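Peer 1: Structure incoming, see below.
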Amino acid sequence: MADLEPPIDTEKLNEKILCYAQTIYRLNGVWEGPDPLTPIIPLFFVQISLAILITRLVMFALKITRQPPFVAEIISGILLGPSALGQIVKYRRQLFPNYNFHVIETMAHVALVFYGFLVGLQMDIKSVLRIGIKARNVAVIGIIIPFVMGTILFFSLYRDEDARGFIFYGGALTVTGFSVLAKILDKQKILQTDIGKMAMSSAAINDIGAWFILALGYVVTGSTTNIHWAVICTIAYALFCVFYLRRAIGWIIRKLPEGQGYSEFFVCSILAGMAISGVITDALGTHPIIGAFLFGLSVPNQMLQAAILDKLDDFVMGFLMPTFFVVCGLRTNFRAMGSIYEIVGYIILFVSAKILSTFAATFFSDMSIKEALAVGILSNTKSLMALIIIEAGQAQQILNTQLYSLMVTGILVMTVIVTPITMLHRPSQELAPHKRRTIQKAKVEEELRVLACIHAAHDIPSVINLLGSSNSTPAAPITVFALQVVELVGRASSMLEVHTSGKRGSRSLGHEEAQTRQIIAAFDNYELRSDGVMVQVLTARCALSTMDEDICNIAKDKRAAFIILPFHKQRSLAGEMEDVNPEIRAVNEGVLANAPCSVGILIDRGLAETSDYAKNIVVLYFGGPDDREALAYALRMVDRPDTRLTVVKFIPGEGATDIEPMEFAEESHVNVHIDKESEKLLDEEFLNRFKISTANDKSVKYIELLLNDVEEAVKAIKLMDQHNYDLYIVGKGRGIVSPLTAGLVDWCDCPELGAIGDLLVTSEFDSTFSVLVMQQYVKPIGDGSVNSYGSMSERIGLGMDMDMDMQHADSEAGDVFSSFRRRPEHMPRV
C-alpha cells in the first residue's frame, strides 16, 4: 500500500494558495452574507455598468475637443485600472478583485468575437481592391515601414520576453483606424478632399493588413511545433469561406421568399454559423475572432447585413465592448513604463513611423511633401484593431506590462493629436478654384462640368436623355461625373469609389454591383456615341442623413457647374406620378439649400422610354435668376439640326394685381434679397442677348403672353400639351413673386420644384415629356444671406434698348394661344 501513495512535491509545501468559494448569484440576497458583490453575476453587472458610466462621462467631457469616441473609451479603461482608481486599495479589492478578472476577460473576448463579425459584415473587399495605385502604394509602404520600426523598438526594450512579441508590437503600429479616421474627417468637413480620400483609401487597405497580422500573431504564438499546419489550415479555411461558404449563403438567401424580410430564425442561424466558424479557427490554431471575421465577410447580401447590424450593433458596441476597454485598462500600468523622457521619446518614434512611410511613398507616386505630411499625420489615427493586436500579445504572455502599457499610451496619444492638427492646419478643400458655378456665366466654348446623381437603375435613361440633349461638341465639351448614390448599410463609414470602365468581375454579382455595372455600361455607351463627352463613374456610400452634404462636397471637389438630381416620384403605368423613394425628397431639398453650383431636379414623365434625347423643348420664362439659368441651359441644346426651342415669356397684363417682391427664407433658412428693378434690368439684358443670338435661327421661337391672373397662366401651360413638347425647362422661381404664380405657391405639393414645376408634375397631361426645374447658384454675402449672382456691372446691364421684332409662333402655336393676348408692339418691353 505504501507504493500506491502519491509522491510529495516538497517544492510546493511552503506555497500559499488562495481558495475562493465563488457562486454565480446569491440565493437569499444580503441576508446570507454581508457582501452582495461576492457572486460572479452581480459583480460583473456592477463592473460593466461602471465602465459604461465612466465612458459616457469622458465622452461628454471631451465633446468640446471633437475627439472620436475611441479616445474616450481608452481613457475610461485606464481610469478604471491600476494607473488611476486602481491605486485605491478598497476600490480595487471591492470592484475589480484579482479572482474575478478571468470573468470579465472572458466576456471581453466574447465581445471581440462579435466585433470581428460586425467588421467582416461591413468590409467590402471588392471596393478595396479597386482603390487606385497611389493610395495602394501609400498603404503598402505604411504597413512595411511601421512594422519594421515597431520591430526595432520592441527589441530595444527586449529583456527576457518572448522574441515573437515583435509581431504584435510592429502590427499595432501598422494600423490606421478606418472608422475612427472617417469620424474625424467628417467632423472637420475634409472627408471629400484629395488628402482625406487618400488617407481613407490607404486606411481601408491597412485594415485588411491588420487582420492578417493578427491572425499571423495568433498562429505563431499558439504553437511552436505545428506552426506550418496552423498556417496552412487557416489559409485553407479562409479560401473556403471566400469561394464556397459565401456562395452557399447567397444560394440560401435567393431561395427565401421575396418581400418578407429575414425571420428571427434565419438571423439566429447566421449567428450560430458565426459561432461555429469561431470554433473552427480556434481549433486550427488562431482565435475565434478570426473565424467570426471570415464568416462576416462571407455574408453577401446587403439587406441581410443591415438586418443583422440593426439587431447587434448597439448591443455589441454599447454594452459588450466596454468590457474589453476595462480589460485593456486593467492591464495598463503607467508606473511600469519607465522615466518620462523614455516615454516621450518612444511616443515620438511611434508617431514618426507613419509620417516616414508617407514620405517614402513620394518616391513611388506623384505626391508632394506637403500632401505626404498631411496623409502621414492622418494615418496616425488608431482604432480598436490596434488595441486588439497589442492585447493579444499580452494575453498570450508574449508582452510584459511595460511593453504593453507603453504601446497603449502611444495608441492613445497618436489618435488624440490628429484632431487638433487637422483643426489648425486643415487641408485645402479645393486644389483648383471653383469659378464656373452656373451655366449662364459659363462661356460657350469652355467645358461644362456636370454631376449627375443616380439613386437607382430607373434614373439612368432620363439622366442620359437630358445629357444627350445638351449637345456636347469638341468645341463645347461636357465632362460628366455619374455619381451612384448608395445609402450606407448599418454603421459603416462613408466611402467614395472611382470606377474603371469596362472592368470585368465575378459572374455572381450583388444588387449594388450589378447596378454599378449597368450604370458604367450605360454611360460608356453615351460617351462612345457622343462627341466632346468625357464620363467618370463614381459610387458614394453615405448615410441618408448626410447624403446631401456628400453630394455637395463631391460637386465642389469636381468643380461642377451643374448638379442633376432625380425626382423622388416616377410615372406609373397608369400615367400617375407615384413615390419611388420618398426619402430622396429630403436629400434633394438639402442639396438645393447648400449646393455650390446650379442645380436641376429632373422629372421623367415617360420621355426616356420613347426617345434618346429631347427634340422639342420649351422654356417657360417668368423672370428671375432661376429662369435665366433655365434659358441658358436650353440655349446649349439648339445647335442640333433636329432640335426646336420655344421660349414662352409670361407677362402680367393690365388686369393683373401687382405684387411687390419681398425677402423670403429658403429651406436652408438663408435670406434672399430681391431688388425688383435690378432683376428687370438683368432679365431685359439677358433676353436681348438671347434675341440677338437667335435672330436668324428658325429653330428658335419666342412668344410673349399677356395674362391677367393665375387661372389664365395655368390654362396656357396646360394648352401646351397639344404641342407634344419633349422637355419643359423651368426655373424654381426663388424671389420672384409674380401675380401669375402667387396663387400657386400656397398649393404646392412639392415646394422644392417651385410653383410652375409643381404644376407640370402634379397636373394631368396626355403627352410624355420630361421636366427640368432649375435653380441658379447664388453667391453668399457676408451676413449669411445671398444675392443674385453677378457683379455690379453685370447687374446694371449693357444699357441696350433693343427694338427687335418678336419671333412669332407658327400657325399651330397661334391656334393654341389664340384665346390669350399677345403683347402689342407699342407696349414697352420688359
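Each residue, glycine too, has its Cβ placed from N, Cα and C.
Those TrEMBL annotations? Automatic predictions, nothing curated.
Okay, these came from TrEMBL:
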| type | residues | note |
| --- | --- | --- |
| TRANSMEM | 40-58 | transmembrane segment |
| DOMAIN | 52-422 | domain 'Cation/H+ exchanger transmembrane' |
| TRANSMEM | 70-89 | transmembrane segment |
| TRANSMEM | 101-118 | transmembrane segment |
| TRANSMEM | 138-157 | transmembrane segment |
| TRANSMEM | 163-182 | transmembrane segment |
| TRANSMEM | 203-221 | transmembrane segment |
| TRANSMEM | 227-245 | transmembrane segment |
| TRANSMEM | 265-295 | transmembrane segment |
| TRANSMEM | 315-334 | transmembrane segment |
| TRANSMEM | 346-365 | transmembrane segment |
| TRANSMEM | 371-391 | transmembrane segment |
| TRANSMEM | 403-424 | transmembrane segment |
| DOMAIN | 479-610 | domain 'Cation/H(+) antiporter central' |
| DOMAIN | 617-778 | domain 'Cation/H(+) antiporter C-terminal' |
Peer 1: Tell me, roughly as an integer, the mean pLDDT over the domain 'Cation/H(+) antiporter central' (479-610).
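Peer 2: Within the domain 'Cation/H(+) antiporter central' (479-610), the model's average pLDDT equals 80.
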Peer 1: Okay, the transmembrane segment (227-245) and the transmembrane segment (403-424): do they have at least three CB pairs under 8 Å, pairs separated by 6 or more?
Peer 2: no
Peer 1: Sort out for me which stretch, of 40-58, 70-89, 138-157, 315-334, 371-391, has the most Cβ pairs below 8 angstroms to the transmembrane segment (101-118).
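Peer 2: The stretch with the most close Cβ contacts to the transmembrane segment (101-118) is 315-334.
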Peer 1: Spell out yes or no: are there three or more C-beta pairs under 8 angstroms between the transmembrane segment (346-365) and the transmembrane segment (265-295), with each pair 6 or more apart in sequence?
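Peer 2: They do not touch: fewer than three Cβ pairs between the two stretches lie under 8 Å.
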Peer 1: Just to be sure I understand, if DSSP states are collapsed into helix, strand and coil, how many residues of the domain 'Cation/H(+) antiporter central' (479-610) fall in each?
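Peer 2: With helix first, then strand, then coil, the domain 'Cation/H(+) antiporter central' (479-610) has 47 helix, 43 strand, 42 coil.
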Peer 1: When each of 138-157, 265-295, 315-334, 371-391 is checked against the transmembrane segment (163-182) for Cβ pairs under 8 Å, which one has the most?
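Peer 2: Per the Cβ under 8 Å count, 371-391.
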Peer 1: Which residues, given as numbers and ranges, are at least 6 beyond the ends of the transmembrane segment (371-391) yet have a Cβ under 8 Å from it?
Peer 2: 70, 74, 112, 115, 138, 142, 168-169, 171-172, 175-181, 184-185, 194-196, 198-199, 202-203, 206-207, 210-211, 213-214, 217, 289, 321, 324-325, 327-328, 331, 351, 354-359, 361-362, 399, 404, 407-408, 411, 414-415, 417-418, 421-422, 425, 427
Peer 1: Applying the under-8 angstroms CB criterion, which one of 70-89, 138-157, 265-295 scores highest with the transmembrane segment (315-334)?
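Peer 2: If we count Cβ pairs closer than 8 Å to the transmembrane segment (315-334), 70-89 scores highest.
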Peer 1: Under an 8 Å Cβ to Cβ limit, what residues of the same chain, 6 or more beyond the ends of the transmembrane segment (265-295), are close to it?
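Peer 2: Residues packing against the transmembrane segment (265-295) from afar: 109, 112-117, 119-120, 211, 214-215, 218-219, 222-223, 226-227, 229-230, 233-234, 237-238, 241, 245, 249, 256, 304, 307-308, 311, 388, 392.
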